[in-house]
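This report concerns only the one structure given below.
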Amino acid sequence: MNIVILAAGTGKRMRSALPKVLHPLAGRPLLSHVIDTARTLQPSRLVVVVGHGAEQVQAAVAAPDVQFAVQAEQLGTGHAVRQALPLLDPAQPTLVLYGDVPLTRASTLQRLVDAAREGRYGILTVTLDDPTGYGRIVRDASGFVTRIVEQKDASPEELKIAEINTGIIVTPTAQLSMWLGALKNENAQGEYYLTDVVELAIEAGFEVVTSQPDEEWETLGVNSKAQLAELERIHQRNVADALLVDGVTLADPARIDVRGTLRCGRDVSIDVNCVFEGNVTLADNVTIGANCVIRNASVGAGTRIDAFTHIDGAALGANTVIGPYARLRPGAQLADEAHVGNFVEVKNAVIGHGSKANHLTYIGDADIGARVNIGAGTITCNYDGANKFRTVIEDDVFVGSDTQLVAPVRVGRGVTIAAGTTIWKDVAEGVLALNEKTQTAKSGYVRPVKKKS
């Protein structure tokens, strides 16, 4: 089977410099969703017709199995499909999809393809409570499709028809070339419409069959930011419903965004307004607090992530406790039972089993052993303005509050670092490290006061 995806439109109503089909839905271009669905049908040829912003669109979705045809002038859907003809296998049927209709299920398309076997012409239709603005499917007394009539050309009786054309079709490819060549542009837009092909197919004696989707929203397209937002919420609710079926507890299924792949174990609980991006895995008994953003991360069993935590490119072991207001950046690796608390940032660092950094700390480019306590206000000074250096803290170290560790530096096992200490040399095992200071108390001191006006 050939699949052609039309993606050449300008998208004027989007009011954006970005080509319409590249606007994101769930964090990925609209067109990428359509291509992924098309791939599940295992086409022999997959052709995307580009036009407006052609180079940008091609760069965004380029892949070995995707070919591109260019529609230099936007002269209608029929003209667009015609540009793809040289890339198609004439012995195979062709399914035509749209790059701005991202939610059509593969099962819906497969039913249409099955209905159109043996050289039939297939149309995906949908029945609407309010079909205003759409082309109507006109049938004869026996129920056979005779034509598609546009709203402006429909008679009062035809306007009562609730079954409408979605534009998605399956057609014999060998005949399609002839039918497209016979199209006329005698309409208000001066364009060649793919919908006109159905009458040519009927005149040529081809049986026209129809199929319908399970859900009306499968055929909704995007022509404005409002429609894009509507489809985003539909998609996210579908994702949420699937998570609920899998046993995930969602505090509010309407307030979760998954912009990638989210895999959850048993008894996972997710509070409101959480965003998951890229590939995220949550193991059994993970609890996510409200307003968290988690991207490309794995979270071990029994972990608790408190509210307003941001995690990006991190790996968390089992029974860790994170947040609230923590930030784990790429390369952060936490062993089992590690704690990273409020206003702590971890970047490209390993935190060992049972170690804790509970308050107001920056840990960057560091290797921290097991059972280490990092006091509030501790900073690993990892950057000299040009180069990054690592800090190594071995097992069972106690780091007092307001400590600076100037990398590269190693702190040996069992060391105690007093509060307010700056470490710039390696520290041997088991010692107390401190910067000796003198505390002075001056009697008779009078604090300055503001003069009253």
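The backbone N, Cα and C atoms fix where each Cβ goes, glycine too.
The region 'Pyrophosphorylase' annotation in Swiss-Prot covers 1-225.
Swiss-Prot lists 6-9, Lys20, Gln71, 76-77, 98-100, Gly135, Glu150, Asn165, Asn223, Arg329, Lys347, Tyr362, Asn373 with the feature UDP-N-acetyl-alpha-D-glucosamine binding site. DSSP assigns Arg329 (UDP-N-acetyl-alpha-D-glucosamine binding site) to coil in the three-state reduction, placing it in neither a helix nor a strand.
Around the Cβ of Asp100 (Mg(2+) binding site), 24 further Cβ atoms fall within 10 Å across all displayed protein chains. Classification of Asp100 (Mg(2+) binding site) by DSSP places it in coil, neither helical nor stranded. According to Swiss-Prot, the feature Mg(2+) binding site maps to Asp100, Asn223.
Beyond the ends of the region 'Linker' (226-246), by six or more residues, the same chain brings 14, 23, 25-26, 30, 102-103, 217, 220, 253-254, 256-258, 262, 264, 270 to within a C-beta distance below 8 angstroms of the stretch. The region 'Linker' feature in Swiss-Prot is assigned to 226-246.
Among the features that Swiss-Prot reports, region 'N-acetyltransferase' is placed at 247-453.
Following the DSSP three-state reduction, the secondary structure of His359 (active site, proton acceptor) is strand. The number of other Cβ atoms within 10 Å of the Cβ belonging to His359 (active site, proton acceptor), over all protein chains shown, comes to 15. Under the heading active site, proton acceptor, Swiss-Prot lists His359, citing sequence analysis as support.
Under the heading acetyl-CoA binding site, Swiss-Prot lists Ala376, Asn382, Tyr383, Ser401, Ala419. Of all Cβ atoms in the shown protein chains, 22 besides its own fall within 10 Å of the Cβ of Asn382 (acetyl-CoA binding site). When secondary structure is read from DSSP and collapsed to three states, Asn382 (acetyl-CoA binding site) falls in the coil class.
Spatially close to Ala376 (acetyl-CoA binding site) yet at least six residues away along the chain are Asn358, His359, Leu360, Thr361, Ser401, Asp402, judged by Cβ distances under 8 angstroms. Counting every protein chain shown, the number of other Cβ atoms lying within 10 Å of the Cβ of Glu150 (UDP-N-acetyl-alpha-D-glucosamine binding site) is 17. Nearest neighbour of Asn382 (acetyl-CoA binding site) by Cα distance, taken over the binding-site residues Gly9, Arg329, Asn373: Arg329. Broken down with DSSP, the region 'Linker' (226-246) shows 20 helix, 0 strand, 1 coil. Per-site Cβ counts within 10 Å over the binding-site residues Gly9, Gly76, Gly99 peak at Gly99. Put simply, the two farthest-apart Cα atoms among Ala376, Asn382, Tyr383, Ser401, Ala419, the recorded binders of acetyl-CoA, are 22 Å from each other.
Between the CA atoms of Leu6 (UDP-N-acetyl-alpha-D-glucosamine binding site) and Asp100 (Mg(2+) binding site) there is a gap of 8 Å, rounded to the nearest whole number. If you take the Cα of Ala419 (acetyl-CoA binding site) and the Cα of Gly9 (UDP-N-acetyl-alpha-D-glucosamine binding site), they are about 64 angstrom apart, rounded to a whole number.
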